[in-house]
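Features of the protein shown, as given by Swiss-Prot:
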TRANSMEM  6-26  transmembrane segment
TRANSMEM  58-78  transmembrane segment
TRANSMEM  111-131  transmembrane segment
TRANSMEM  161-181  transmembrane segment
TRANSMEM  186-206  transmembrane segment
TRANSMEM  272-292  transmembrane segment
ZN_FING   337-379  zinc finger
COMPBIAS  504-513  compositional bias 'Polar residues'
REGION    504-524  region 'Disordered'
DOMAIN    538-578  domain 'CUE'
Amino acid sequence: MGIKYLPVSVASTALSFVGLQVWTELSLDRLRADGLIAKNISLGDSEHALELLLGSYFTIALLTNFVLNVYILLVLSLKTLFFGDLYDVETKKLVERLANYIIYKGTFLPLVIPPTIFQGVLWTVWLTVLCTLKMFQALARDRLERLNASPSSTPWTYFRVYSVLFLVLSVDMFWIKLSLMTYNTIGSAVYLLLLFEPCSIAFETLQALLIHGFQLLDMWINHLAVKNSDCQRSKFIDSMTAGSLLEWKGLLNRNLGFFLDMATLVMALGHYLHIWWLHGIAFHLVDAVLFLNIRALLSAILKRIKGYIKLRIALGALHAALPDATSEELRAYDDECAICREPMAKAKRLHCNHLFHLGCLRSWLDQGLNEVYSCPTCRKPLFVGRTENEVNPRTVEVSSDEQLARQLERQNNPVHALATGLFPAEVPDSVENDTSRNLGLDPSWLQTWSSQGSDVAGPSTTSRTVGLGRVQMMMRHLASVGESYAQTALDDAAWSLWPMNPSQASTSSTTVPPGNGGRTGGLHLRTVSNTTNESLTNILAMAETVREVMPHVPDEIIFQDLQRTNSVAVTVNNLLQM
């Protein structure tokens, strides 16, 4: 599908048009010679002449060939205009996705469609249009992701690819209108199937427009600031937009993205439910496949809802842990964020009265080592007046961690492998019986803001007994999940019969670098003493961090996931989807 195919497509389309025209003239001359039509065809005789022409299979073949060539020419022209040459990875992914879509969406249509020529042509055109829309949507999303990661991309290049999403949405809305008119005209329940997939594509396209629209806006603002650095109007625009762009981006991506994500899943579920209702239950193999697909979609919907609820709880905890700066403070300081050097429409205030964007502060705390978190400006500790036990309330569990380390070491030694499991059975009653663990929050979090509510920020001089590890890890999780939640929700699941397991989607997109001591890939603990001790130390430290954020998750599940992923962020992502 490279640019070199475009001249070939133009020549093929021209030849097919000439061949169709020549054959039509010869057919009309033969019909005139037989006396079936008059020499001068009037408007009233045109319908009869067209019926006679379409009575020939060769005419239908030439017409089909011409339409197919026009379609290929149109696709290649749009591809050349918006994308240029495709990368090898894009071409490979495109072929795989289209094959999956045709198999999983077109296979079930013969079960409910009457075997007539009209029905065959109608549903073939329907599937072709949907495949084309999905193809351009997927190409646009993949290319936008590549441009977003490229430092040399310009706003114009980004907008050229971004406009493909508007084209897809416009054609899809027009197709939905035609499908609705067809259903209203014929009135058969079969034609409701014309609506589910176009609506699903519309929701997916709106989701992509939302996510990449913020990226385009951010790129345009940065480009404008660099180009017109001395222009007062540019500075005014920056002060009005840059400060609140991050807040609006996270809010809309999280809430509106979740709604569009759920709408896409519901449309896919409705498509298969309607096919099952039209086909009936006959206890055949196809019924089992439909049932498994419906079950997987229902499971994905429930997991998405549970993940969104957990994310909302985490956001409330984070906003309570770090108080918001008031409008009076923002006007009094009239400062910009010391991390991103952008104006602040909303900010979080530390106890030292320095203000920062929540996202910037989240990234700063993500760099903290050994729970030594300081203000980016004055380097004062973020939370003062706290004892060592308050900073790390789980240090009393060192004995259990030592037991875990010893059992992990035995497990990695084939001579001392344990058949009964990896983790100790002894768990403190105070941890297991704490009801607040069922909510995913530690009691030390709840005690400090239960009387204020999650959105009320205390004074800057008030010290809060908030676990720094929990704040840091919660910020890391919200950075990796909250902002990209809507974007990665249906990237590959919408193409397959069964949606991808969220844990598989997370781990498959994460590359774990080789560790020290010859470890490659995932976490493989060796029997060598130095490597084993280092690996045990790392996994215990990561388990402690995950345990601070999600104390309600059993230790066994945390350690098993960490051994598979060797990443705290990926493990938190996986546990949130449970």
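Every residue gets a Cβ built from N, Cα and C, even glycine.
Helix, strand and coil counts from DSSP across the domain 'CUE' (538-578) read 32 helix, 0 strand, 9 coil. Beyond the ends of the transmembrane segment (6-26), by six or more residues, the same chain brings 53, 58-59, 62-63, 65-66, 69-70, 72-73, 76-77, 80 to within a C-beta distance below 8 angstroms of the stretch. Per-residue pLDDT, averaged along the domain 'CUE' (538-578), amounts to 81 for this model.
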